[in-house]
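J.: Structure below; questions to follow.
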Amino acid sequence: MRSSCVLLTALVALAAYYIYIPLPSSVSDPWKLMLLDATFRSAQQVSNLIHYLGLSHHLLVLNFIIISFGKKSAWSSAQVKVTDTDFDGVEVRVFEGSAKPEEPLKRSVVYIHGGGWALASAKIRYYDELCKAMAEELNAVIVSIEYRLVPKVYFPEQIHDVIRATKYFLQPEVLHKYSVDPGRIGVSGDSAGGNLAAALGQQFNQDANLKNKLKVQALIYPVLQALDFNTPSYQQNYWVDYFHGNYDFVQAMVVNNHTSLDVEEAAALRAHLNWTSLLPASITKNYKPVMQTTGNTRIVQEIPQLLDARSAPLIADQKVLRWNHVCKRLESAGVEVTLDHFEDGFHGCMIFTSWPTNFSVGIRTRNSYIKWLDQNL
């Protein structure tokens, strides 16, 4: 009996050690976030083991686990009609809210899910619930794009998918089919989806052949640059996988050896990304930019996508930013900007709004996001 108690205590201690991660004191529901993080890390370790054994690519395994526990069929309700279809060969899930009696034409949002260009789906519960709530509360048509993922395709194929699907949707006959007002269409996305939404906006802004332009852009914790991996809130994303790059460069990239002072290709872009001037003091605090004097010029030579504005929209020219972009750089380009910052938030929080992964900051973030769309779209 005594040995059983000792063993149980040891197992509890090991579990607590595995689950616990240091978090800022302001983070919402910290223990629930630790459990969510531990679950994801466990899935990653399983996928890495299968990859090591040569049975499958680790991202395919990880996404299989994610989708297996969260895939949701296209289920309609009395308020929202949900259908799976394709726009010019790209899978989409369309959510059609009821029209307002005084407005026969509906607003619309093209939504692009996150997941590091490699994970998740427009058809998992988290994004299905988000888009359904948007369609119902905004009386809108939401087009959620199921773009292809790494490792089946790499940059810039994800961008091509969202551009192709959105161009198809913007055709007059398609907008008429869904009773959408061509002057009230926005684009939005979270994380890597925010990256694709920003790239989409920039591409459309420069396309003179497009008759219907996007009215608003809403980016949720977007991935916008690969110039500096030592910013205050940077997350380890899937850049190397997205670019089909060499994993040998990862550690060098983390310390910014790819944009050191001796890398000429990056020199002209540094002024676009002085985050000490782009972010408020409440966020920058005591963080200092990491700028290497000498680095590895091979990195950007072998992975030139790191400095491509389609993958890193924040480094785009000022004239491109006049239609879209982020906060200070947008404001400096003469664009009206709303910045909504949640001190207790974390990357990915907006999709976690239902049990058992419901976070108070997720609910507040989603409500604020939908309210902004209602006021501006």
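The backbone N, Cα and C atoms fix where each Cβ goes, and this holds for glycine too.
Reproduced below are the annotations present in TrEMBL:
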- S191: active site (ACT_SITE)
- 109-284: domain 'Alpha/beta hydrolase fold-3' (DOMAIN)
J.: Provide the number of Cβ atoms within 10 Å of the Cβ of the residue listed as 'active site', excluding the reference atom itself.
T.: 26
J.: Could you pull the average pLDDT for the domain 'Alpha/beta hydrolase fold-3' (109-284)?
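T.: Result for the domain 'Alpha/beta hydrolase fold-3' (109-284): average pLDDT 85.
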